[in-house]
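Novice: Straight from Swiss-Prot, here's the annotation block:
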BINDING   8, 9, 10, 11, 12, 13, 14, 15, 16, 17, 18  ATP binding site
BINDING   187, 196, 199, 202  Zn(2+) binding site
């Protein structure tokens, strides 16, 4: 039996990955992390979407310690989300160590249930400037976890080389575009669906959706070509 663990926030990217995983694996587990993020609604959205999609299990883990250590606009209500980069070249929504912790815990969970695949929706093409969304970071984490647990498994990143328009196309491939558009929470200001329309996350999401809806055939063809290249 092919099992997979999906790191699941209830946002556009991780929901698209979850929909795909449910088609490709026999048993899919979702794991969501409560790190004291800006909007608790994120946890509720993840629980509802996971239930509606019928995952084998959905585990919500309390990792509140991350909130104490990682100061960010996503972990502090008194820090407004900014469109500008900080002096270190990163957006103030970057949560240091978040994906290091998440992938480590997801790997441990996969070990316990006998899953050989961990799936995360990080993306280097349209990422927000986060260093822990890069392909070389994921490969390094994969290597470290395999060595540290002496177990072969793979961290898969289905969205790594897709732009946001192609991510929408991928959701549409699995007849999940409306689900992703209406039921997910990507907005930094905590508004489900199309969001506030003002924060950096909403800007990226809307630009990708508009691109896809206005150029469906071309975007879908680009997605299919990338999928073929990956399979070779």
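Placement of Cβ uses the backbone N, Cα and C atoms for every residue, glycine included.
Note that the structure is a prediction, hence the values are computed from the model and not measured.
Map these features onto the structure and tell me what's around them.
Specialist: A C-beta separation below 8 Å, combined with a sequence spacing of at least six in one chain, links residue 16 (ATP binding site) to 121, 158, 159, 167, 170, 171, 174, 176, 180.
Take the CB of residue 202 (Zn(2+) binding site) and look out to 10 A: across all protein chains shown you find 18 other CB atoms.
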Novice: Please work out the number of neighbouring Cβ atoms within 10 Å of the Cβ of residue 199 (Zn(2+) binding site), leaving out its own Cβ.
Specialist: 22
Novice: Sort out the sequence-distant neighbours of residue 12 (ATP binding site) for me: same chain, 6+ apart, CB within less than 8 Å of its CB, listed by position.
Specialist: 167, 171, 180, 184, 186, 205
Novice: Out of the binding-site residues 8, 10, 14, 18, give me the one sitting nearest to residue 187 (Zn(2+) binding site) by CA distance.
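Specialist: Nearest candidate: 10.
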Novice: Around the Zn(2+) site (187, 196, 199, 202), what further same-chain residues have their C-beta within 8 angstroms of the site's C-beta centre?
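Specialist: What remains near the Cβ centre is 186, 188, 189, 191, 195, 197, 198, 200, 201, 203, 205.
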Novice: Whose Cβ lies within 8 Å of the mean position of the Cβ atoms of 8, 9, 10, 11, 12, 13, 14, 15, 16, 17, 18, the ATP site, other than those residues?
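Specialist: These residues sit around the ATP site: 6, 49, 121, 180, 184.
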